[in-house]
């Protein structure tokens with residue numbers, strides 16, 4: 001009924017999690033609450049860094065961009081995913097589906113580059129602390145952030161230009177929770193060699209190169225930390241980059257598991273679960289890790305609460 005043989009397809013049908021029966025309301029509520037917690041947490045991170053002078057450091061400025069990437073990425077996917085859950089599946093036009101794909105690529109690529117930038121920031125702070133403030137000026141931070149977002153936009157536009165040329169005349173059923181690149185290519189009846197080549201090159205630039213850079217910078221950081229004579233000094237120095245390292249492991253671990261997991265019908269459900277972790281759960285850990293494991297953030301939250309309490313008491317009096 002949702003298949004065409006000769007005519008071009010103008011809309012896709014996303015199966016989502018299939019027919020969840022009465023459980024769909026439970027799943028909908030859980031994902032909606034998780035989405036709002038993620039949204040609130042990342043917005044609070046941005047507000048805290050902007051409004052609290054004790055957090056006006058390069059690392060936290062880059063963290064606001066990381067939170068912004070998470071907000072854009074999840075907001076692009078989750079609302080439509082919730083609609084699909086309630087409807088036990090749902091349709092999307094080809095244009096809307098490709099648009100969702102593009103809008104998910106931009107923050108994903110930018111986030112990889114921002115994570116690499118944050119590792120560079122930690123490398124300078126630990127390995128060359130005397131020159132840290134002269135190197136990581138606010139102007140340099142702005143240039144780096146603009147370059148990361150511009151790179152994400154350009155790579156996504158280049159990829160989208162090739163994907164947009166694909167024609168779809170097979171089945172229009174996507175057994176997934178959102179429009180991802182792999183199921184879209186599988187449904188195309190065009191020659192996908194050029195698209196797959198561009199995607200491979202884009203993956204090397206956007207994923208592998210930043211990951212390799214992060215690994216190399218942390219090797220240098222660990223070597224420098226091991227040279228510190230006191231154990232307490234080593235622990236204190238490593239704690240300044242432990243939050244970033246946790247976010248890197250969570251983000252890249254989920255991404256690698258999602259896109260390197262072997263394809264096939266038997267792995268579709270596993271792929272959906274990994275996609276759910278990548279879309280909903282991983283963005284939630286960014287503000288949680290930094291708020292719970294970072295003393296500066298805990299102090300800033302406490303000061304903000306104390307200030308709000310004092311203002312409230314002053315108004316009452």
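Including glycine, each Cβ sits where the backbone N, Cα and C put it.
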- In TrEMBL, of the candidate ranges 173-192, 273-292, the one given as transmembrane segment runs 273-292
- Based on Cβ pairs under 8 Å, which of the stretches 98-120, 141-163, 238-261 lies most in contact with the transmembrane segment (197-226)? 98-120
- Message: When you look at the transmembrane segment (238-261) alongside the transmembrane segment (141-163), do they share 3+ Cβ pairs under 8 Å, ignoring any pair fewer than 6 residues apart in sequence?
- Response: no
- For the transmembrane segment (57-78), name the stretch out of 25-50, 98-120, 238-261 with the most CB-CB pairs under 8 Å. 98-120
- Excluding the flanking five residues on each side, which residues at least 6 beyond the ends of the transmembrane segment (25-50) place their CB within less than 8 Å of a CB in that stretch? 17, 56, 60-61, 63-64, 67-68, 70-71, 74-75, 78, 81-82, 85-86, 280-281, 283-284, 286-288, 290-291, 297, 300-301, 304
